[in-house]
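Now, the feature entries from Swiss-Prot:
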ACT_SITE  S63  active site, schiff-base intermediate with substrate
ACT_SITE  H68  active site, proton acceptor
ACT_SITE  C83  active site, proton donor
MOD_RES   S63  pyruvic acid (Ser)
Amino acid sequence: MKSLGRHLVAEFYECDKEVLDNVQLIEQEMKQAAYESGATIVTSTFHRFLPYGVSGVVVISESHLTIHTWPEYGYAAIDLFTCGEDVDPWKAFEHLKKALKAKRVHVVEHERGRYDEIGIPEDSPHKVTV
């Protein structure tokens, strides 16, 4: 089934707690994940909370990558939403799994904007002129 995008909703467990609390490193690894997926980075913003935790977003031309960390639990919640056929969110997922040193993960892939649900003919090109 064709869709406008793919959205990975990922749970990362037993991650490196120091990595999860390092805002500069998290931003660097999220941008690298976007790059490895084939995405085009538009902008990013990240924030470190006190006493610990990081939240951030990398806005890409093809949608976004987000992260929220709980270093005290070794846990990160990650969303990787990409549109188009040239970007692979699974490459971003694999990069982040390694970078955060996650020992366990759970991930679900959702099709966003399924052609059959919004009335786009299956043989339509992904990009259309409006």
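Cβ coordinates come from backbone N, Cα and C, glycine included.
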Please give me the CB contact count at 10 A for the residue listed as 'active site, proton donor', counting all chains in the structure.
21
Most crowded position, judged by CB atoms within 10 A, among S63, H68 as active-site residues:
S63
C83 (active site, proton donor) and H68 (active site, proton acceptor), Cα-Cα, nearest whole angstrom:
22
How many Å lie between the Cα of C83 (active site, proton donor) and the Cα of S63 (active site, schiff-base intermediate with substrate)?
6
